[in-house]
Amino acid sequence: MEFFSITSITQQLIIWLLLIIPTIIAHEHEANLTGDIGATDDPIDGTLWAHIIFMSLAFGIIFPTGMVLGFSRSRYHVPFQLVGTFIATLGYFLGHAHEGRQFAGDTAHAAYATYIMILLMGQVCLGLYLKCHFESGANQWIRPMSVKFHRVIGICMPVVGYIQMVLGVITATGWCRGNKLGQCLAHFIMGSSFIGHGILLIIVMRFATEWLCRKGKSQDYYDSWVIMIWGFINTFMEHRWGTSWTAGDVQHTLIGIMWWSGGLLGIYLSRKGIKRNLIPSLIIIFTGYILSQQAQQLDISSEIHRMFGFTLIGAGIARLIEVCFLVVEKPITPFRSLCPFLLIISGLLFMGAHEDQILYLSTNDIDAFSYALIQITIAFFIFFAVNVMIDIYWMTGENDGESKYEIIGDEIIGDENTHNSSRGNKLKKEQNRDVLEGRNGMDGGDGGRGRFTSRNSSFIDDRHISINLNNDVRDNNVNIESDDDNERIRGEIEKKSDGFVVNYLLVGQHADEKSQDGDERTDEM
């Protein structure tokens, strides 16, 4: 079996990890502090620093990379996950062996640590089971379920790791205790939502364009769903129930209501086809302005909130310009990177603007602009890491060893051998950036159906257009020549306010068969 091809060192590592599970489950945390004091003033010793470094390395770098390698079916997926598990397990025990600074035993970071390690060990066991390729008997229904669980846990692990690292920072500093918990939740939840939204925009920009086309939905449709979900979370988690309401609680709760109501409107407006809408952009702008005007007790807090608000407004304006004036498909313009980058910066600024953090900055004479520079630096690293992860996916495993398409200025450089590929027939003219795509019909024929949208061409009148491709326009029909002399594309023109759409049929071999079974597709340029 393939399982026994793993090296002896790896086998010993696996056995060791399985043996320590009872120890992990049995370990208990001792509460050294209670009340509003979350940590002593003692310095962090070397053992605890090693714990911080190991856990950050495992959950911040190795596990996300291993997840990406798993998606690409790379042979390095298992080694990465095993190394990450070993480092995380070592870091877990180092976290209980430190001296120096002591912490309260009722922290969320300590409470969730054991469950995360159990989840991690379960993921390793599922991976080993799948590596054995058992397929007979009960494994015929156990294995498919295990594949799904393994994938879901793998996707959740970076998110779980991020939450635990944030909780680790809170625990190490002793923040967010007592009546400050609700205010901390407001900042960390909303700040994380902005960071997560920015990361999702990067993934969509670089990875999910074709997926959106296949789904027949616009990016704003899914953004509206994210905003609505986060709005519900903010509505019910910004206030600590059972305590008196403060002005900040009311404001953050109302922002949550604005989010889910606006998200609901955005979903409705983009429910049919690839329709862009302005609602996500407007929600971002409104949120930025409201939070930039919040009254604060300290000047440094007011400055940080203004910087956060203006950064968020800038992200919303950048998104507004993109929706109204820029093409959402390939090629990717540099301007499209502005909105997700500003969202990440604004999220970091807001996460670090809670009362305890502001008090720390004020006590240590750190001005708002120096603090903002630190957050911008972190945002650069996050933006860099996300793009590297996407490139790792395209360059490893079953993929072709290079990015799906590289963007150089306004040009698209991609795979030219698409004529008979399973992804469909493609006609590309890099000079005018017009792309025509379709899917293969029956029996591997050269035909397909699809739609072709262009904003690089202009209308002459309602029935005639000027197309920046080799073409012959007659009435509402257009013949476009392909690189293949035996291939013709015939389409019907549909006028749009910002360009035109050609509903086309690629005419070639087996045209009678493929015209009945070709898949329909929309590509907006």
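Using the three backbone atoms N, Cα and C, a Cβ is placed for every residue, glycine included.
Feature annotation from TrEMBL assigns signal peptide to 1-26.
Sequence annotations record features per position, and here TrEMBL assigns domain 'DUF2427' to 40-133.
Long-range contacts of the transmembrane segment (50-71) within its own chain (CB-CB distance under 8 A, at least 6 residues past either end) are made by residues 44, 77, 80-81, 83-85, 87-88, 90-92, 94-95, 98, 151, 154-155, 157-158, 160-162, 164-165, 168, 172, 385, 389, 392-393, 396-397. The annotation transmembrane segment is assigned in TrEMBL to 50-71 (among others).
Taken from TrEMBL, the feature transmembrane segment applies to 78-98 (among others).
Among the features that TrEMBL reports, transmembrane segment is placed at 110-130 (among others).
Marked as transmembrane segment by TrEMBL: 151-173 (among others).
Marked as domain 'Protein YTP1-like C-terminal' by TrEMBL: 161-392.
Summarising the annotation, TrEMBL assigns transmembrane segment to 185-209 (among others). Listed as Cβ neighbours of the transmembrane segment (185-209) (distance under 8 Å, sequence separation of 6 or more from its ends, same chain) are residues 162, 166, 176, 219, 222-223, 226-227, 230, 233-234, 237-238, 240, 248-249, 252, 255, 312, 315, 328-330, 332, 336-337, 339-344, 346-354, 382-383, 386-387, 390, 393.
Same-chain residues lying 6+ beyond the ends of the transmembrane segment (221-238) with a Cβ under 8 Å from its Cβ atoms: 182, 185-186, 189-190, 193, 196-197, 200-201, 204, 212, 249, 252-253, 255-267, 270-271, 275, 277, 279-280, 283. Residues or ranges marked as transmembrane segment by TrEMBL: 221-238 (among others).
The transmembrane segment annotation in TrEMBL covers 250-270 (among others). Panel annotation: around the transmembrane segment (250-270), residues 186, 190, 217-218, 220-221, 223-236, 238-239, 276-277, 279-280, 282-283, 286-287, 290-291, 294 of the same chain, lying at least six beyond its termini, place a Cβ under 8 Å from a Cβ of the stretch.
Marked as transmembrane segment by TrEMBL: 277-295 (among others).
The transmembrane segment annotation in TrEMBL covers 307-328 (among others). Remote same-chain residues near the transmembrane segment (307-328) are listed as 194, 198, 209, 218-220, 276-278, 280-285, 287-293, 335-336, 338-340, 342-343, 345-346, 349-350, 353, 368, 372, 455, 524-525 (criterion: CB distance under 8 Å, separation of at least six residues from the stretch ends).
If you look up TrEMBL, you'll see 335-353 (among others) marked as transmembrane segment.
The feature transmembrane segment is assigned by TrEMBL to 373-394 (among others). Sequence-distant neighbours of the transmembrane segment (373-394) (same chain, 6+ residues past either end, Cβ-Cβ under 8 Å): 61, 64-65, 68-69, 71-72, 195, 199, 202-203, 206-207, 337, 340-341, 344-345, 348-349, 352, 400, 402-404.
For 416-455, the entry in TrEMBL reads region 'Disordered'.
The compositional bias 'Basic and acidic residues' feature in TrEMBL is assigned to 427-437.
Residue counts for the domain 'DUF2427' (40-133) under DSSP, split into helix (H, G, I), strand (E, B) and coil, are 69 helix, 3 strand, 22 coil.
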